[in-house]
Amino acid sequence: MFIGCDVSLRQPWGTLLSPGSTRVPYPAGVECTYTMELPDGYTDQSLSIHFNRFDIAGDDYVKVYEGSTKGRALHEGDGFNSDQRPPTQLVSRLGRAQVVMQTNGVRQGMGFNLTYSLQFKARSSVTFETTSLNAQCYFMSVKQSPFLNAVLQVVVSCPPGYEFSSGRGRSFDVFCQLGGKWTENALPNCQPVYCSAVPQIANGFAESATNVSFGGVAKYSCYKGFEFSTGNVIEEIRCGADGNWTPAPSCRAAMCPALLPFANGDRRLEFGDGTGYGTVFRFECRAGYRREGAATLLCKTDGQWSFEQPKCISELLRLCLNGCFV
């Protein structure tokens with residue numbers, strides 16, 4: 001920041017304040033000249049000027065020239081003041097500009113505060129050097145400067161399912177500073193997002209997994225006696241772009257078909273829920289009846305009963321079948 005009446009700057013950007021620093025009125029009856037010039041290597045670029053504060057009395061003038069006071073006037077009429085304020089942006093295409101402030105003794109204002117910088121070329125995208133040829137960075141949005149007519153802020157993001165390997169998340173802002181320098185010289189690489197360890201499931205297990213990052217696939221099987229509700233032997237889950245696994249499958253107990261009603265006896269549930277794996281039934285016949293078949297049934301891991309359900313046969317009927325007299 002430079003304050004005074006006659007100031008010359010040769011740098012990519014800078015800030016100039018009129019006498020009084022916009023805190024007290026500027027002196028009467030003075031003529032101040034301010035020269036702004038880009039350094040070597042930038043002289044072929046344009047120079048932008050923006051007045052941050054501007055309070056010049058109606059009888060005083062601020063004149064802006066392209067190159068020097070002998071060049072093209074960037075002001076209209078006698079110059080800028082409270083009656084004719086400067087536009088949002090002034091551009092000198094020569095990489096050099098001069099500002100002349102002329103005051104009289106009638107009345108004074110608080111002066112001006114201006115910022116100048118090399119003129120960036122307006123463009124819809126910006127190219128940064130990446131740290132690796134495998135970097136998959138791209139730009140989601142570009143914001144323009146309100147007065148420099150150029151890219152001011154770029155939101156840099158990785159593709160869906162990826163994040164920056166530097167630990168900066170999935171996106172961050174890159175700003176163009178005065179003087180034409182970005183806050184980042186190079187962009188970090190993008191890597192797949194992490195989805196945590198493969199989830200464990202009850203009554204089953206993960207038998208394989210390709211990886212635990214975006215795009216990874218884990219395969220599950222159920223323990224003997226359990227099965228997936230889909231009937232599939234293998235179920236899969238995937239690591240999503242949001243860093244979360246898709247819902248893990250659940251294993252339920254193998255189911256045996258419901259038993260038919262048991263006549264002329266008692267069927268007692270010894271263990272289980274009646275149809276699930278491990279269910280045990282015990283059968284007893286009433287007096288005068290004799291059981292034919294197993295005394296107990298077990299629901300096996302394959303969803304089948306260990307035996308056919310027994311029957312209770314009448315002792316009298318059994319005897320008659322062997323021959324009886326009435």
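Including glycine, each Cβ sits where the backbone N, Cα and C put it.
According to TrEMBL:
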DOMAIN    5-119  domain 'CUB'
DISULFID  Cys5-Cys32  disulfide bond
DOMAIN    135-192  domain 'Sushi'
DOMAIN    193-253  domain 'Sushi'
DOMAIN    254-314  domain 'Sushi'
DISULFID  Cys256-Cys299  disulfide bond
DISULFID  Cys285-Cys312  disulfide bond
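Neighbour density for Cys312 (disulfide bond): within 10 A of its CB lie 19 other CB atoms from the protein chains shown.
Annotation for Cys299 (disulfide bond): same-chain Cβ neighbours under 8 Å, separated by at least 6 residues, are Ala254, Met255, Cys256, Gly272, Thr275, Gly276, Tyr277, Gly278, Thr279, Val280, Trp305, Ser306. In the three-state DSSP scheme, Cys285 (disulfide bond) is classed as strand. For the domain 'CUB' (5-119), DSSP puts the residue distribution at 0 helix, 52 strand, 63 coil. A sphere of 10 angstroms centred on the C-beta of Cys32 (disulfide bond) encloses 20 other C-beta atoms. Same-chain residues at least 6 positions away in sequence with a Cβ under 8 Å from that of Cys5 (disulfide bond) are, in sequence order, Pro19, Val30, Cys32, Met101.
A 10 Å cutoff on Cβ-Cβ distances gives Cys285 (disulfide bond) a total of 20 other Cβ atoms nearby, all chains included. Averaged across the domain 'Sushi' (135-192), the predicted model reaches a pLDDT of 72.
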